[in-house]
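**Student:** Per TrEMBL, the features are:
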type	residues	note
BINDING	65, 66, 87, 187	substrate binding site
DOMAIN	25-266	domain 'Aspartate/glutamate/uridylate kinase'
SITE	30	site 'Transition state stabilizer'
SITE	247	site 'Transition state stabilizer'
Ligand SMILES: Nc1ncnc2c1ncn2[C@@H]1O[C@H](COP(=O)(O)OP(=O)(O)O)[C@@H](O)[C@H]1O
Ligand SMILES: CC(=O)N[C@@H](CCC(=O)OP(=O)(O)O)C(=O)O
C-alpha cells in the first residue's frame, strides 16, 4: 500500500512492522548538500532522525555540503573544480572545506536535531582519529594518475566512537573529513564516507538523500533494482556522471559488503527518510549487489 506523504495515521499503521524489524539496527543516512536547500525540509529531516532514534533504531548521519562549500569559496574569490565527481582541493580550499563541513553545516544539523529533542553529537574523522585516510589519486582514461590535492582515500574507519555514542543514546553526525598519519586533514566525498561507514558498522540500511528522484536513465525515467552489471553499463554509456559517480560506486560497494539495502532517494520530498524506512512506499532507486 502506498500512502500520501503526510497521512500520519496510515503511515503509523504501516510503520509498526518496520519499527519492530529494525529495532536496535543501524541506519546510515547520508544527507547531501543539495538536499539541504530549504529550512522546512531541514527541520523535517531533523524530526525524522529524532523519531527513528525514539522508536529504537540507531540513525547515524553523514552529511555533505558541496554547494555550501562552493558558496564560501566564491565569497573568497575561488571557484570549485571537480574531476570525476571529486573536488580538486588545494590547501586554501581544504581550509574552507573544514570550516564549512566541520563547522557550519555540521553544527546546523546538530542544532536542528537537538532542537527537536534528539541528542546529536557532531564529529569529523579527526575526532578520535576515527576516519584514517591517505592521499587519493584518480586514474585518467589512459590510466595515468591525476593529483587532485588534499582529497582522501579511506584507509580505515574505527567504529568504536560511533558505537560509543549510539550506546549512550546520542545521534552521531559525521562530517566527511579524514585524518592522515601526520594529523593532516583530507577532504573525502560524503557518499564515500557514508558507504564505508555503513559497511564498517554492518548497517541494516544505507540511505543516500540527494536532489533527484533517484538514478535516472537518459530519458529521465527512474531506475530501480540496480545491480553491479547494470551499473557498469550505465557508467560505460555515460548515463551516470558528476556527483552520481561516487554515489553509485559507494552504494554498490556497501551492498556488496553486507549492508542489507541501499537506497538513493529524493531529499526534496517532505519526510522522504521516514517514508523510505518506515513505509512500503519506496521512494527512489534501490541498489543490490547482484
Ligand atoms: N543518471 C543520473 N541520475 C540522476 N542524477 C544524476 C545522474 N547522473 C548525474 N547526476 C547528477 O548527480 C547529482 C547528484 O549528485 P551530487 O550533486 O553530488 O548531490 P549530493 O550533494 O546530494 O551528493 C544530480 O543532481 C545530477 O545532476
Ligand atoms: C572530495 C570531495 O568532493 N568532497 C566533497 C565533500 C562534501 C560532499 O561530498 O558534499 P555533497 O554530498 O553535498 O556533494 C566536496 O568537497 O564537495
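Numbering starts at 1 and runs along the chain as it is shown here.
From the backbone N, Cα and C atoms, a Cβ is placed for every residue, glycine too.
TrEMBL entries are annotated by machine, without manual review.
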**Student:** Measure from the Cα of residue 30 (site 'Transition state stabilizer') to the Cα of every one of the recorded positions 66, 87, 187, 247, then give the nearest.
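**Tutor:** Nearest by Cα distance to residue 30 (site 'Transition state stabilizer'): 247.
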**Student:** Report the residues of the chain - excluding 65, 66, 87, 187 - with C-beta within 8 Å of the mean position of the site's C-beta atoms, for the recorded substrate site, in sequence order.
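**Tutor:** Output for this site, in sequence order: 33, 64, 69, 80, 89, 97, 100, 101, 176, 189, 190.
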**Student:** Taking just the CA atoms, what is the gap between residue 247 (site 'Transition state stabilizer') and residue 87 (substrate binding site) in Å?
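**Tutor:** Counting only the Cα atoms, the answer is 14 Å.
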**Student:** If the criterion is a C-beta within less than 6 angstroms of any ligand 2 atom, which of the recorded positions 30, 66, 247 pass it? List them in sequence order.
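**Tutor:** Passing the 6 Å Cβ check against ligand 2: 66.
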**Student:** Count the Cβ atoms, other than its own, that fall within 10 Å of the Cβ of residue 87 (substrate binding site), considering every protein chain shown.
**Tutor:** 21
**Student:** Write out the long-range same-chain contacts of residue 66 (substrate binding site), meaning residues 6 or more apart in sequence whose Cβ is under 8 Å from its Cβ.
**Tutor:** 32, 33, 34, 80, 87, 190, 243
